[in-house]
Amino acid sequence: MKNILSSICPNKEKHKEETSIDSEDYLTKTIGTFGLWQAAVCGATALTRFIVMWNMTAIFFLTPDTEFECIQFKGIGNKTANTCYDDCMKYEYHNQGLQTTLISDYNLICDRQWLASMAQSVLMLGFLVGTFLFGWISDRFGRRNSIVASVLINVIFMLATPFSPNFWTFSIFRLITGIASGGTLIICIVIVMEIISKSHREAASSVLVQPDALAQASLSIFAYYSPNWNIYVLVYSVASIFILIIILFIPESPRWLISRGRIDEAIQIITKAAQRNKLSTENIEAIIKNSAEKLINKKEVVNTTYLDLFKTKELAINTTCIFVAWTVSGTCFFGINQYMTFVGSNLYVAVVVLGLIQMPVSLGSWIINKYLGRRIASLGIFTLGGIVMILLIFAEDYYWPATILGIIGFGAVSSIFTVTYIYASELFPTPLRNMAFGLTSTGAKFGAMVAPFIANLKPQWVPSVVFAGMLFVGALSCLPLQETKGRNLKDTVS
C-alpha cells in the first residue's frame, strides 16, 4: 500500500513556512511518510466513521415517505388517503421499507408531522454541540482519550435508543449520540492528518471518507432484514461495539504530545511506530528533542481557547470562511440527500446508490485536490453544484433528468467535504487545529439541522433555489483563503 500511495502521490517541492519550522520533517525522518503503523492507525480511525454515518443516515428508514389513511372515525365519515381528519381516532400506515417506523409508532403525521423532521434535526443539534465541545476537549486532553470517550458514549446511547418508550425519550438519546458522533467525526480527521506526511494528505483524505459510502449502503441491508425500526437500530448499534474495541488500541498523536510539551511520551510512541515500519530508531530521541526546542513556544503550551482562532487577521479570515463553507456543505449535503430518497419507487435502492456514489466521488476529489489545489478545487465544486441546482429547477417534472442532475449535485456537495477536511487541517496550527474543526464544523451541523425543513419547502422548485444560492455563497467564501497544497502543517500560532 505504501508503494501504491507513493507512486500516486509523489513528494512535491517543499514550501518553507516560518510558522511550521520544518514541523513535517521530524515525523518523516523518524517514522517515514507512510508505513504499516500509519496504515493501522488510519484504518482503525476510519472505522469510527461507520458509527457516525449510521447515526446520520439511519433517518432514511426511520422516517420514510409514508402513506396513511383513517380507519376509525368518531362518527360516520368518508376516508381519503393521506388526508388528516379532526374526528379520526385511528390511522393505518402503509410504510415504505420497515413494517413499523417512527412515523407509524409515534403518529408523526398531520399536526405532528414536523416531529419527523425534528428527529433528524435534534441529532444534528447534538453534532453541533459535539463538534464544538470535543474540539476543545481533544485539544486539551488529547486525541486518543477524546475519541475513545466519544465512541463509548455513542455505543451506550445507540444501544438504549431502540428501547425508547416514547418519542421524546428517543429524541434525548438521539441528541446525546449526536454530541458523541460530532466529536468522533472531527477527532478522527485530525488524528489522520497529524500522523501522515504532506505528500499523502490528499490520498488519506479520500480514503478516510470511504467508510461513509459503505455505512450508508449497509443500512439498506440492515433495514431489509429487520422487521421494525427497533431491531434496525439495534443491529447497527451492536455492530458499533466491535469498532469500540478496535479504537481502544490506537495511540496518542505524537504531534499533539509535542505541542503540549510531553516529549518523552511522544518519543515512546514514535519509537514504536518506527519499529513497526521497520525503520531505524537510533537517532529518534535526538531528532525529536532538537525539533521540540524549535517547535514549542512556551506561551502556546498553556491552554488555548476558541478566541485564539481570531487572534490574527489571517486566522480570523480562515475561521470565518471555512465556517461558511462547511455550513453550505452541511445544508446541501443532507438536503439533496433527503430529496433524492423521495425520487424513485425503491427506498432500499435509493439509499444504496446515494451511499456508493460517494466512493468514486471521493476518489475524484483526491485527484482534483492533488493537481488543482485546495482553493481552486473548493471554488470549482461549489460553483458546479450551484449550476446543477439551477438546472434542476427546470427539470423537476422529468424523472431521469431530475435524477441525473440530483446525483451530480449530491456528488458535488459530497466531494466538497473531502476537500475541506484537508483544507481546514492545513490552514490551522496544531494547538488550534481540533478547536478549529470543532468551531467551523458546527456550521455543517447547523446546516444539517435546517436541511430537512428546506427540502420539504413548497412549491417543489423552492429548495433548488435555496440550495443553489447557498452553493454560490460557498464558492465566494473560498476566495479569501490561501492555497495550502504541499505545505507543512503549522505547529505554532504566529
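Placement of Cβ uses the backbone N, Cα and C atoms for every residue, glycine included.
Residues annotated as domain 'Major facilitator superfamily (MFS) profile' in TrEMBL: 41-486.
Annotation source TrEMBL lists transmembrane segment at 114-135 (among others). Residues 55-56, 59, 62-63, 102-103, 106, 108, 146, 150, 167, 170-171, 174-187, 330, 334, 434-439, 441-442, 444-446, 448-453, 456 of the same chain lie 6+ residues outside the transmembrane segment (114-135) yet bring a C-beta within less than 8 angstroms of a C-beta in it.
What TrEMBL lists as transmembrane segment is 147-165 (among others).
Per TrEMBL, the feature transmembrane segment maps to 171-195 (among others).
Feature annotation from TrEMBL assigns transmembrane segment to 231-250 (among others).
Annotation comment: TrEMBL describes 315-336 (among others) as transmembrane segment. Sequence-distant contacts of the transmembrane segment (315-336) (same chain, at least 6 residues past either end, Cβ-Cβ under 8 Å): 56, 120, 124, 308-309, 378, 382, 385, 389, 406, 409-410, 413-414, 416-417, 420, 423-424, 427-428, 432, 436, 439-448, 450-452, 454-455, 463, 467, 470-471, 473-474, 477-478, 480-481, 493.
Nonlocal intrachain contacts for the transmembrane segment (348-369), taken as residues 6+ away from its ends with a CB within less than 8 angstroms of a stretch CB, comprise 57, 60-61, 97, 202-203, 205-206, 209-210, 212-220, 223-224, 337, 340-341, 377, 380-381, 407, 410-411, 414-416, 418-419, 422, 485. For 348-369 (among others), the entry in TrEMBL reads transmembrane segment.
According to TrEMBL, the transmembrane segment annotation covers 376-394 (among others). Long-range contacts of the transmembrane segment (376-394) within the same chain: residues 325, 328, 332, 336, 365, 368-369, 402, 405-406, 408-409, 412-413, 415-416, 419-420, 423, 461, 464-465, 467-469, 471-472, 474-475, 478-479, 481, 483, each at least 6 residues beyond the stretch ends and with a Cβ under 8 Å from a Cβ of the stretch.
Marked as transmembrane segment by TrEMBL: 400-424 (among others).
Per TrEMBL, the feature transmembrane segment maps to 436-455 (among others).
Residues 317-318, 321-322, 324-325, 328-329, 331-332, 335-336, 339, 374-375, 378-379, 382-383, 385-387, 389-390, 392-393, 396, 409, 412-413, 416, 423, 427, 454-455 of the same chain lie 6+ residues outside the transmembrane segment (461-481) yet bring a C-beta within less than 8 angstroms of a C-beta in it. Taken from TrEMBL, the feature transmembrane segment applies to 461-481 (among others).
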Task: Closest-packing stretch to the transmembrane segment (436-455), where packing means Cβ pairs under 8 Å, from 171-195, 231-250, 400-424 - done: 171-195
TODO: Restricting attention to the domain 'Major facilitator superfamily (MFS) profile' (41-486), give the mean pLDDT.
DONE: 83
